[in-house]
Amino acid sequence: MPLFSPHDQYVRVKQHCGELLSEVRKERPLVHHITNTVTINDCANITLAAGAAPVMAGAAEEAVEMAGIASSLVLNIGTLWPGQVDVMIIAGKAANERGIPVILDPVGVGATTLRTESALRILRECNVTILKGNEGEIGVLAGSGGTVRGVDSYGCSGDPVDVARRCAEVTGTVVAMTGEIDVVTGDGEVYLIRNGHPMMDRLSGTGCMAASLVGAFAAVASSPSKAAVAALAAFGRAGEIAAPGAAGPYSFRTGLFDALYSLSPEDLRDGTQVEIRRGI
Amino acid sequence: MPLFSPHDQYVRVKQHCGELLSEVRKERPLVHHITNTVTINDCANITLAAGAAPVMAGAAEEAVEMAGIASSLVLNIGTLWPGQVDVMIIAGKAANERGIPVILDPVGVGATTLRTESALRILRECNVTILKGNEGEIGVLAGSGGTVRGVDSYGCSGDPVDVARRCAEVTGTVVAMTGEIDVVTGDGEVYLIRNGHPMMDRLSGTGCMAASLVGAFAAVASSPSKAAVAALAAFGRAGEIAAPGAAGPYSFRTGLFDALYSLSPEDLRDGTQVEIRRGI
Amino acid sequence: MPLFSPHDQYVRVKQHCGELLSEVRKERPLVHHITNTVTINDCANITLAAGAAPVMAGAAEEAVEMAGIASSLVLNIGTLWPGQVDVMIIAGKAANERGIPVILDPVGVGATTLRTESALRILRECNVTILKGNEGEIGVLAGSGGTVRGVDSYGCSGDPVDVARRCAEVTGTVVAMTGEIDVVTGDGEVYLIRNGHPMMDRLSGTGCMAASLVGAFAAVASSPSKAAVAALAAFGRAGEIAAPGAAGPYSFRTGLFDALYSLSPEDLRDGTQVEIRRGI
């Protein structure tokens with residue numbers, strides 16, 4: 001029996017988003033990335049813009065050591081090279097031993113066998129805390145069907161909330177599924193986040209950047225799902241602030257990073273558009 | 001004997017440039033890149049800005065599968081790593097089998113033996129549809145002499161139009177040669193495109209971005225040379241629009257991407273500066 | 001006994017900074033980079049913005065050839081991959097034979113064993129001309145202690161000027177240590193440079209970009225330490241010009257590159273904030 005009314009809970013989640021942003025800036029957690037070469041610069045800079053500290057290190061020889069000083073680990077399979085999945089698993093296991101959150105962004109899962117098998121192998125061999133994907137990718141990993149062409153989602157089969165729930169069940173992770181409405185589920189509640197702007201789809205790598213932010217927030221949070229909610233709300237809120245002043249994708253990018261950098265905890269608290277549903 | 005007067009033909013080419021831009025936005029073709037790590041992000045974003053969908057995937061294990069769902073393939077040898085040319089050739093052959101266009105950007109050919117041999121090997125082992133290079137690179141591949149220092153052109157020996165024609169003959173490709181005036185030739189006519197702005201040389205990777213755009217336009221066109229004309233005209237036109245408002249190379253970059261994103265088919269049709277000469 | 005008073009010397013150094021910037025633009029030296037995948041695009045573009053020509057080439061097969069046509073070589077260990085240090089050493093030796101300056105940016109030294117050993121191996125096996133690092137990295141390589149978390153400096157043990165001097169002695173290089181105050185030392189004098197802005201720490205890769213600029217200036221200078229002073233002063237001056245108009249890190253980045261591109265030799269001469277102390 002819930003101690004709080006839905007409205008109370010809603011207010012508490014929004015409040016918590018603002019608190020987590022303050023916490024990221026105060027603690028400045030080190031977010032270790034093993035990631036693709038397309039969006040690696042934007043991922044480093046978005047982590048910085050949130051107030052955390054990025055390190056991008058993919059060498060096998062330093063995977064354990066770097067995971068040993070990091071506060072979270074972000075794995076992104078966007079441009080796999082020989083042996084990269086092995087390094088991800090070494091780092092993932094080291095992160096698991098230290099109890100720091102592991103975020104997986106299964107970029108392009110479903111588009112090629114290599115990507116699907118790589119994501120499944122990582123999920124099998126490490127404990128992934130939060131799985132951040134688009135609707136197509138989460139649909140594929142839920143086993144219920146999703147369409148991914150290249151690295152773009154063409155949607156999942158069925159109701160997105162059901163698909164996210166099923167993926168959370170199947171993979172044993174918290175699922176953070178991005179789309180027109182973001183869905184976070186897996187450790188109790190289901191959260192629907194309505195922040196964001198369509199311009200975010202016109203810029204390469206916003207999905208990767210979202211995963212970096214989930215890594216930054218998860219590093220300072222006790223609840224992975226609430227960290228994901230706060231990260232996606234903050235990113236979406238920055239997009240909402242940036243869009244009106246943008247003349248196209250690159251001025252939007254400039255505005256997006258600047259807005260996240262300047263986002264106040266109060267603005268995030270007030271601007272978070274979240275709906276809470278009974279969980280799995 | 002031409003059915004149309006030169007003026008009619010000129011009007012038709014300009015009209016066709018606008019139509020191809022509409023087509024790119026309507027079809028949103030998937031452009032598969034195997035490319036360098038310097039400009040990979042800008043190449044993904046310029047493809048998006050034009051209205052197409054980029055995927056950057058260089059793993060051998062997925063080369064055939066990715067080429068199998070793509071609408072064109074862009075190969076760029078800007079930062080070769082061990083085995084990368086092998087992957088390019090595997091993907092190129094898969095693209096050839098499917099009949100989708102293959103674009104080669106022979107970055108830095110002539111500067112080192114590795115680059116020259118890699119480009120020649122790709123040209124020998126796959127059917128390259130369009131070869132996009134600067135004057136130095138095209139001069140080297142024409143066998144008539146060109147000067148490349150690092151990745152910069154210091155020009156070709158002789159008249160650029162003759163050099164482009166000879167390169168098209170020698171390589172059996174459509175040649176799209178960028179320079180103060182761009183030259184496209186190889187399947188009938190010779191096109192000279194006078195769009196663009198000197199600021200484009202002050203930004204790293206504009207040559208790579210041009211190749212990505214040629215890939216996007218070739219994916220929806222029946223004529224490779226007309227696709228290259230439209231792509232180079234669109235890119236040049238965006239540069240012309242962006243330059244007056246730029247305070248330097250990075251505000252120019254922002255403006256360039258925004259201008260391409262906002263470029264209307266009508267503006268491209270009216271703004272294309274093309275001259276047509278009798279072909280080889 | 002000095003021939004010039006401290007004030008004369010100060011005026012001469014400032015004058016020399018302006019002259020070197022003119023020289024970079026006149027000679028347009030080719031700066032060969034073997035560098036990381038995070039900041040490689042910004043490093044290419046900052047080199048261009050200064051007026052030099054970047055080439056980023058990491059393949060073993062072309063390391064000697066590329067070093068053979070370059071005017072300086074920048075090595076950066078930010079994202080090591082298998083065999084990359086071997087290529088750096090091959091290129092470094094080729095650069096040494098030709099007598100062109102070699103700049104090492106030991107990114108993240110002290111954070112992991114791989115990074116520390118890689119930097120020490122490069123220092124042992126090639127003649128590094130200028131070692132550019134943050135306080136933590138220089139402290140580690142001085143053997144006097146420095147704290148590096150990921151790729152961020154958390155400072156060195158003791159007085160920064162003493163640490164830079166000691167590092168120059170131990171490594172036999174000119175040391176260019178960035179921080180709130182930059183310190184350059186190693187071939188006579190100690191220079192303290194007070195240009196720059198705190199926003200530079202909010203952008204990923206400003207340390208890497210500083211190394212690229214040191215490479216561009218060292219390519220045209222007879223004195224490595226004066227080249228480093230001019231490069232760091234120019235970069236810091238561009239930051240000072242850009243900061244007031246910036247709304248956050250990405251508009252700052254745009255302004256930084258534009259400001260460096262537009263920086264006049266006179267502005268650099270007048271704006272350089274340098275203090276000269278008796279050297280080691």
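For all residues, glycine too, the Cβ spot is worked out from N, Cα and C.
TrEMBL annotations: computationally assigned, not manually curated.
Database features, via TrEMBL:
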BINDING   A:Met56, A:Gly205  substrate binding site
BINDING   A:Lys132, A:Thr178  ATP binding site
Which binding-site residues among A:Met56, A:Lys132, A:Thr178, A:Gly205 have a Cβ sitting under 8 Å from any chain B Cβ? A:Gly205
For A:Thr178 (ATP binding site), the three-state class that DSSP assigns: strand
Taking only the CA atoms, the spacing between A:Lys132 (ATP binding site) and A:Met56 (substrate binding site), expressed in whole angstrom, is 18
Would you mind listing, in sequence order, any of the binding-site residues A:Met56, A:Lys132, A:Thr178, A:Gly205 that have a CB less than 8 A from a CB of chain C? A:Met56
What does the structure give for the C-alpha distance between A:Thr178 (ATP binding site) and A:Met56 (substrate binding site)? Integer Å is fine. 23
Under 8 Å by Cβ from A:Met56 (substrate binding site), same chain, sequence gap 6 or more: A:His33, A:Ile34, A:Thr35, A:Ile40, A:Cys43, A:Ala44
Would you identify the secondary structure of A:Gly205 (substrate binding site) according to DSSP, in three states? coil
How many neighbouring Cβ atoms, not counting its own, are there within 10 Å of the Cβ of A:Lys132 (ATP binding site)? 33
Which number gives the other C-beta atoms within 10 angstroms of the C-beta of A:Thr178 (ATP binding site), all protein chains shown included? 26
10 Å Cβ neighbour count around A:Gly205 (substrate binding site)? 26
